[in-house]
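Each remark here refers to the structure printed beneath this line.
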Amino acid sequence: MIIKTRDYYFDNLKAFLIISVIIGNSLEHAQPSCLNTHYFLLVLYMFHMPLFTFVSGYFCTKSKRTTQEKVIKIFKIYLCVQIFYYLLNRFVFSSSLTLEFFTPQWTMWYLLSLIFWYILSDYIKDKKKWLILSLIVSLAIGFDDSVGSYASVSRTFFFLPYFVVGMMFKKEYLEKLKKYRIHLLLSSIVVLFVLYLLKDQTMLELLFEYTKYEFYYDNRLFPFFIRIFHYVGSFVLGGLILSYTPSKVTKLHTIGQNSLIMYIFHGAVIKLIYITPLVNYSTPFRVVLSEITILLVLFIITLGSVKAKYLYKSRKIIDNSTFTQSS
């Protein structure tokens, strides 16, 4: 019997990314007045979802499940989560938002886009051509006034190149990346410096990539330039992060192993915990404590979910074994 071992490299990578996502979304939601977090958030949004999409593309080619099985699984999760967030917003936050399948609840756009990427994956044969084409389409679609946040269309097109790169990626490429660490580090410093120079003119929402260019700016050329810069910056920063991510077991690998659970629930936890005394964003120190609290709560929920799932499977195996013996 072949014992399947986990890929701790990607567990560590996903752990770092999900922590970045949670911190980014919680700070964006809280908007602490005691700190100017704008530049920090720009940096996080420059790389975290591009790299997450890259990871999804990588595992899309490694999975033994058929495309239909992958689509059905994500569709079920997306549908359940949409209903969950609708009920939460409706009965806890008294929101007037309606339940619409093609209007993802906050961070759930990623699951909807993932469904589309999985469907497209069967048609992505010449990956280099698809990469070039997807980049061109993404840059061009921002000029289309009919494209917005509905059905996550803009994001699906923008993040598609990262998914394609993930499909192209091979584990042995990591050794090549490590040889260019210094180059990636210097390039990353340049990217971060340019981003710092642009921070006052760049709305954080631009890096959400969820709508047309002129939604926030009358001049389409600046958002167009930022989108190009987003691609360049994300590939440079992403390469640097990939080259430094450890391959051995770390204390974070459990988080990475269950990053989907944390992603699904982090929006709800952020909204719920924000209206409790558990978090306080009045001083820089309390901002840090609040972020740690949110991460700890999510980690506890994740461990509880994993434990419950394990107990359910164990009980099911015992019940099946008992039934077989009695038969």
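In case you wondered, yes, glycine gets a Cβ from its N, Cα and C as well.
Noted in TrEMBL for the protein shown:
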type	residues	note
DOMAIN	8-303	domain 'Acyltransferase 3'
TRANSMEM	9-27	transmembrane segment
TRANSMEM	39-59	transmembrane segment
TRANSMEM	71-88	transmembrane segment
TRANSMEM	108-124	transmembrane segment
TRANSMEM	131-147	transmembrane segment
TRANSMEM	153-169	transmembrane segment
TRANSMEM	181-198	transmembrane segment
TRANSMEM	224-244	transmembrane segment
TRANSMEM	260-279	transmembrane segment
TRANSMEM	285-306	transmembrane segment
Return the stretch with the most CB pairs under 8 A relative to the transmembrane segment (285-306), choosing among 39-59, 181-198, 260-279.
260-279
Sequence gap of 6 or more, Cβ distance under 8 Å, 3 or more pairs: do the transmembrane segment (39-59) and the transmembrane segment (260-279) meet that?
no
If I count Cβ-Cβ pairs under 8 A between the transmembrane segment (153-169) and each of 9-27, 108-124, 181-198, which range comes out on top?
108-124
Does the chain bring the transmembrane segment (224-244) near the transmembrane segment (181-198), so that three or more CB pairs sit under 8 Å (pairs 6 or more apart in sequence)?
yes
Mean pLDDT over the domain 'Acyltransferase 3' (8-303): what is the value?
96
For the transmembrane segment (260-279), which recorded stretch in the set 9-27, 71-88, 108-124 gives the largest number of Cβ pairs separated by under 8 Å?
9-27
